[in-house]
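Lifted from TrEMBL, the feature list:
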BINDING   Pro165  substrate binding site
BINDING   His195  heme b binding site
DISULFID  Cys37-Cys117  disulfide bond
DISULFID  Cys70-Cys75  disulfide bond
DISULFID  Cys123-Cys320  disulfide bond
DISULFID  Cys202-Cys228  disulfide bond
DOMAIN    27-324  domain 'Plant heme peroxidase family profile'
SIGNAL    1-26  signal peptide
Amino acid sequence: MAHRIQSITAGFVVTIMVLLATICDAQLSSTFYDSTCPNALTTIRTVIRSAVSKERRMAASLIRLHFHDCFVQGCDASILLDDSSSIESEKTAPQNLNSVRGFNVIDQAKTEVEKVCPGVVSCADIVAVASRDASFAVGGPSWTVKLGRRDSTTASKSEATSDLPLFTDDLETLISGFSKKGLTARDMVTLSGSHTIGQAQCFTFRERIYNNASDIDAGFASTRQRGCPSLNSDENDKKLAPFDLVTPNSFDNNYFKNLIQKKGLLHSDQVLFGGGSTDSIVSEYSKNPTTFKSDFAAAMIKMGDIQPLTGTAGIIRKICSSIN
């Protein structure tokens, strides 16, 4: 009898846990704004398409903005908050300072959405939708964005500094950092593939292209040196270079082909293919762009699920850079 009660109790606990997990997951829904702001997604898409058509690099910037948001306090638009008497902005963390961009595009999208549905759509959701629309605008995959995130009233520069990846990170550090956010090594490699449409500042790869190491193609290093002088200066440090020299404006799998040829721009790129545990994933994506794109879409959805504020948590900001 006692055994039977114990079994029933255990089954009940499991059922409750499953129900709770289902409820939490259900708080985000692709149809969240269907009745309250049916034109939200088309309004956002129009702004993003316009921004990317003016500057293709903006696509990579918007994808990165979503990534840097979700890795700090979850996908809550905390990265958009400016310094104030109560907030130390994440924008000044080393990984974000003079690097993360696209804030003006998100602000523009928010302004347009507020015109049609004031006080309804969160900045966090706009960032998530913008990353999807940016990807698709440059030939990348599209995916169904789950919606219903709310905006934080706080930011964490300290968490941004500790949790966002660095261009100097080794493979194990990268895997560990992504694992902390519930993402696998495969997710990490997949998401790194968005670098295929990105650009990097000279100071982030200068040491790599001038150190004559065995993990960089000599011709590639020489080519990159022409656009990135060895002399440290504010002007030189900010010089930009595309991660992919072949098709810098197209979302494709060249990033992975480059890694196999020892043509990764950043140290944190090349470690993905250097005799470690992720070599096979890089090889797979270099041969199969379709797999890469489908995995990228799935990884972006997964990343968008990191600790969202839902229900009555958080707020809906009127202006994305402040808590009003």
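Including glycine, each Cβ sits where the backbone N, Cα and C put it.
Around the residue listed as 'substrate binding site', the same-chain residues at least 6 positions away in sequence with a Cβ under 8 Å from its Cβ are Gln95, Thr173, Leu174, Gly177, Ser268. With the fewest other Cβ atoms inside 10 Å of its Cβ, the least crowded of the disulfide-bonded residues Cys37, Cys75, Cys202, Cys320 in this structure is Cys37. When each of the disulfide-bonded residues Cys70, Cys117, Cys123, Cys228 is scored by how many other Cβ atoms sit within 10 Å of its Cβ, Cys117 comes out lowest. Sequence-distant neighbours of His195 (heme b binding site) (same chain, 6+ apart, CB under 8 A from its CB) are Ala60, Phe243, Asp244, Tyr255, Leu265, Leu266, Asp269. Note on proximity: of the disulfide-bonded residues Cys117, Cys123, Cys202, Cys228, the one nearest Cys70 (disulfide bond) is Cys123, by Cα distance. When the disulfide-bonded residues Cys75, Cys123, Cys202, Cys320 are ranked by how far their Cα is from the Cα of Cys37 (disulfide bond), Cys123 comes first. Distance noted between the C-alpha atoms of Cys75 (disulfide bond) and Cys320 (disulfide bond) is 13 Å. In this structure the C-alpha atoms belonging to Cys228 (disulfide bond) and Cys320 (disulfide bond) are separated by 35 Å.
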